[in-house]
Amino acid sequence: QYSFKEVFGTLVAQKELFDAVAKPLVEDLIRGKNGLLFTYGVTGSGKTHTMTGSPGDGGLLPRCLAMIFNSIGPFQAKRFVFKLDDKNGVDVQNEVEALLERQRREALPVPKTPSGKRQLDPEFADMINVQDHCKVEEVDEDNVYGVFVSYIEIYNNYIYDLLEEAPFESIKPKWNSCNTPVRNGDFVPPQSKILREDQNHNMYVTGCTEVEVKSTEEAFEVFWRGQKKRRIANTQLNRESSRSHSVFIIKLAQAPLDADGDNVLQEKEQITLSQLSLVDLAGSERTNRTKAEGNRLREAGNINQSLMTLRTCIEVLRENQLYGTNKMVPYRDSKLTHLFKNYFDGEGKVRMIVCVNPKAEDYEESLQVMRFAEMTQEVEVARPVDRPLCGLTPGRRLRNQAFREELSRKLELRGGPIGADPAEPSAAELFFQSFPPLPSCELLDINDDQTLPKLIEALEQRHKMRQMLAEEFAKNVLTFKTMLQEFDSSVASKENYIQGKLAEKEKTITGQRTELERLEKKIKTLEYKIEILEKTATIYEEDKRNLQQELESKSQKLQRQASDKRRLEARLQGMVAETSLKWEKECERRVAAKQLEMQNKLWVKDEKLKQLKAIVTEPRAERPERPERPSREREREKPLPRSVSPSPAPSAPAAPLRPRRSRSAGERWVDHRPPGQLPTETLLQPRVPRAITVEAPSERALARCDRYLLTHQELASDGEIQTKLIKGDVFRTRGGGQAVQFTDIETLKQESPTGRKRRSSPPDPDPAGDGADSEWTDVETRCSVAVEMRAGSALGPGFQHHAQPK
């Protein structure tokens, strides 16, 4: 499930979609704000249909154009009043400059701007026949407006101008009379355009054709002319699949009128230039479904790469906004994202229409598209745009129109110039009033001789005044002719001076143009080098990332090896310690056995010497009974002497030294557990009933018990901890103390079933030895041998304890 601001069904009308999505962008465009609208989806999902429409039902693009011209129709400036420069700016010209520019363009053999009065192409005539006259309600009537359109496409990550006059079709060979192809030498392939940044840090396409249009029909004719040059191809998923991203840019220039409301204010700072970009993205596709090869495969790769870059930019923007990070957004990885970088940075509103095809084959791609589109809703990029303030009184245009209408009305009523009062006489009337008045010319009497002379006298006076005025007029004419000649001569001299200055300026302009061309070539070369360096830097960064990953893997491997080495060293040290301890005990056992053997031999020799002495001294006496040689069983019962010398009185009767305590009352144990033992995880744990648990053996505890148990821990050769339970019997000594004789050893140890088996005792180091030595290697014999030690000392296996009486 995915959530969107608005979801439209399959039967939605184009007008409903336009009112919900594109109409707010057109309103912002007229208010001086930028906007971006693009369609996104899988190939064949209806993106181009949504943008262009069908005959009889225009899409978003013709409806946007119709709304713009319906809103600003009566307030449009004359053609060429606004003039776009080559740096993404706009200049304003006065009426005279615009008139000269129009005359110059009309004198060209092929007009650059299509005429809106021509008959429309029937291919698109029905698409722009929009019945509903949608318009923006609040339009500033004190401004004049101009509309410019351009059309580009991004193909294989290169930008091409679809309105360029150069031929845009693929190279088609000519055929001669022999039906063999001839190379077309006149064909010039289209040149890709370069992205640049203007002084306001906005991205634009340099050298792109921008056409000024005055009506919806004229603008859509320009669009259709470029649409025919757009690259499309037939694939297995779409018969007319777009192989490039197309961008139709509508620029709206607006400037305020002057204080009189008659002409455009000639201040460049007061011009507002807003832009609406309508983008028809190429559909993402999988090559294993389209079976694309050759150029189609390359096109699909570039399309998917640019869409992936768009997705990456949106994800980084979202991460920066959610988590407050400042990661660099990779706009430069694709021309598509680089062109619209300002929109994502907050220079206008961005709207996206997701087109979904309900086909089951497009299920996975549609899920990816909707997942990306849902994520983009969390990115906020719009921010307010400040419009310049002109400080003039609003309503200037209406007042000027009212003044003109009143002026025309007065001219029609008076038939003369406005402003003359009817009561005031004109200059001709004043001139005729300066003449002397004529006397009455009526003759009432035949003898009247005064009327005619008075009339003659008045006429003569008038004639004299007329002559005087004629002479004065002739003088004035002569003076005026002289002044005109002087003025002509001054004008001629000024013209000559101006011509000289113009020639100098033209030379300067020619030099500056040459310098500009040189600088433009240098800029192109530097931009090409920059592009190469960027690609090289990208390659080096990729190598750096790979090497860093390899270094990290190698360091991790070295750390693992070091830890294995330390673990192996610890294991070997344990094995060495165990082996050393084992051989020390074996050496002690052999030394003790050798000492016992030597004692036996000395005892035998002593007995023989005594018998010989007895025979020599008492030959007649009765021989004593031969004593019995001490066996190993008896030696085990006797405690070891403190010195290696034999007993001085061997003939004395042997008394029992270790009487066992009676066990009729039950066995009691001394559980000796030294401090600092580690807990083990073995299932079998030692549990001794009726035991006295001590950390060090004491005389009191040994006196109360008849069995002894020592719990001993050590490190085995395989690194595991093994616990040995050493058991022994407690005897009362001849001196009144207590002695312990060890009789048995139990071992608790964890061992892997897959590991190698260990033998309970090492092999016989000397198999060829005598039988007496081999008898001393069994566990029972080793446990029965003890060494004397004071009570309370550190005890271990093979040690005997004696307690001194108080």
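Backbone N, Cα and C atoms are what each Cβ position is placed from, and that goes for glycine too.
All annotation found in TrEMBL is predicted automatically rather than curated by experts.
What you see is a predicted model, and the numbers here were worked out from it, not measured in a lab.
For reference, TrEMBL has these:
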{"type": "DOMAIN", "residues": "1-379", "note": "domain 'Kinesin motor'"}
{"type": "BINDING", "residues": "Gly41, Val42, Thr43, Gly44, Ser45, Gly46, Lys47, Thr48", "note": "ATP binding site"}
{"type": "COILED", "residues": "502-578", "note": "coiled coil"}
{"type": "REGION", "residues": "615-683", "note": "region 'Disordered'"}
{"type": "COMPBIAS", "residues": "619-640", "note": "compositional bias 'Basic and acidic residues'"}
{"type": "COMPBIAS", "residues": "664-674", "note": "compositional bias 'Basic and acidic residues'"}
{"type": "REGION", "residues": "748-781", "note": "region 'Disordered'"}
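There are 24 other CB atoms within 10 A of the CB of Gly41 (ATP binding site), with all protein chains counted. Of all Cβ atoms in the shown protein chains, 23 besides its own fall within 10 Å of the Cβ of Thr48 (ATP binding site).
Here the binding-site residues are Gly44, Gly46, and the one ringed by the most other CB atoms within 10 angstroms is Gly44.
Here the Cβ of Lys47 (ATP binding site) has 23 other Cβ atoms within 10 Å, regardless of which shown protein chain they belong to.
Along the domain 'Kinesin motor' (1-379), the predicted structure has mean pLDDT 82. By neighbour count, meaning other C-beta atoms within 10 Å, the densest spot among the binding-site residues Thr43, Ser45 is Ser45.
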